[in-house]
Amino acid sequence: MFAKAFRVKSNTAIKGSDRRKLRADVTAAFPTLGTDQASELIPGKEELNVVKLYAHKGDAVTVYMSGGNPILFELEKNLYPTVYTLWSYPDLLPAFTTWPLVLDKLVGGADLMLPGVVVPPTGLPEVQQGDLCAIALVGNRAPVAIGVAAMSTAQMLASGLKGKGFSVLHTYQDHLWKSGDKSSPPAIAPLAVNPTDSNEEKVDLSLQGNLSCLTLEGEEENRKVHHPEASEDTSSGAQSQDCVDGKPLQEQMDELLHQCFLHALKSRVKKADLPLLTSTLLGSHMFSCCPKGQQLDIKKSSYKKLSKFLQHMQQEQIVQIKELSKGVESIVAVDWRHPRITSFVIPEPSLTSQTVQEGSREQPYHPPDIKSLYCVPANMTQLFQESGHKKGNALEGSEVRRIIIDYAKKNNLVDADNRNLVKLDPILCDCILEKNEQHVVMKLPWDCLLTRCLQNMQPAYQVTFPGQEPILKKGKLCPIDITLAQKACNKKVTVVRNLETYGLDPCSVAAALQLRCQASTIVSPAPGAKDSLQVQIQGNQIHHLGQLLLAGVIDWSLVTRGNYLVCERPAE
């Protein structure tokens, strides 16, 4: 729709009443978007413009701009998110995956044909004909296009993945995207999946050489890229994952959700804790009540959202929920005499589950050994050469002190009248004195001498991971940096940097945080840092992130790759 330039008819600031109506329309159009998220997307006070335009084919479109970016567009009274919005809320729509080389075709105005769809191990998302869907590329969940499903998932599989799959409305790099800040898609880690049965290995995803099957609507699509039996295997494989031990996974997740909820109320939440933020109930209490080896994921339950689950608990008169501040819900009362709480038996820790969880780690957790070092600079080589050290050699602070003390004593520089002072010879003067001090300062106390020597040396550090050779790096050791930032659309995000130094894989930490905080995460290049990534978590998650790093509670059953180490922030 926006493959070619459009014509702008008007651009005006939105009215207060229209802003509230738009927020209500967004909530109705996208039920998976919570109240808080809808308020973040359509902020109450930030600048929000309404742009009316005509697409190159004559369609009348209304675009909503926030923070300089288009966030939504309306066509024939239907609301659609832009890629800018989907990068902040990547789970807003069911997502299908295609190959990176296909993107140029989509940007050029092509629809997405089914032979270009990659079937993941978990199978295709369940959609109906006419449903709005997101389209992402292999290896990155950040959507690059949105489109309308031309058929249901069942029809797609029945067709052998042939024919038109999606009518594409908007893409990354089209003219609607160019009306914003023209930022690139962030790197969002694919969702972790469990290993599937061997039948799924039969799926032929070798589409790289068959991109000619992706054509404009009406062109030929006669190239076969999927074996019929592979589609059957993929379908059956996906169905097998919906049921474990004869019980549907959704039913199992519902039971686990109720168990963690009742466990938290009975053993962790006290009357003095009320009112209690619902997000705190989940992050600080319910997750810690989850049995070892199991994963609490509300999105896999029948409730889908915490707010909906708590509404059911309120209907059962177990808890009372109120919105004490705008868009933020809290538990204000708990009926601890309710039969469901009094009859609930706190489960005993399972030795088997603990054994399974421990066995899932590639190796026991051991923190790295980190040493602060000092490299000998060129102007201090004479001071250290008597001890056998050359320019660039890295020394520990204690070793530097010993060398300087030995040098002073060997050269009779300790003041005879006051042994707390050291006389400065020409070598020490060149090493530690400023030009204006050269003929003024003749003696220094021991502590001042040692401090100046260390300050004039080049900082370095050595990191030794268990079972690995030490790694020497020059420069100051950067601590894990956690900051709370506020974006132009008035939403808060938590950003964490410098994970790689401590052996933490940003993509895998993001996956663990996504489940722990029940919030979307984005991994992107860290500004001003070479070959370094940062993790961005939606909302204020400093408390949860601090607990995760300091207490070493990364769930190894959720995170299956990378070399994980949890380190306290070094003292500055």
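Just so you know, glycine gets a Cβ as well, placed from its N, Cα and C.
Between the stretches 220-244, 520-544, TrEMBL puts its region 'Disordered' entry on 220-244. Segment annotation: TrEMBL labels region 'Disordered' over residues 178-201 (candidates 178-201, 346-369). Across the domain 'DM2' (372-456), DSSP assigns 43 helix, 14 strand, 28 coil. Secondary structure of the domain 'SUI1' (480-553) per DSSP (helix as H, G, I; strand as E, B; remaining residues coil): 24 helix, 23 strand, 27 coil. The average pLDDT for the domain 'DM2' (372-456) in the predicted structure is 90.
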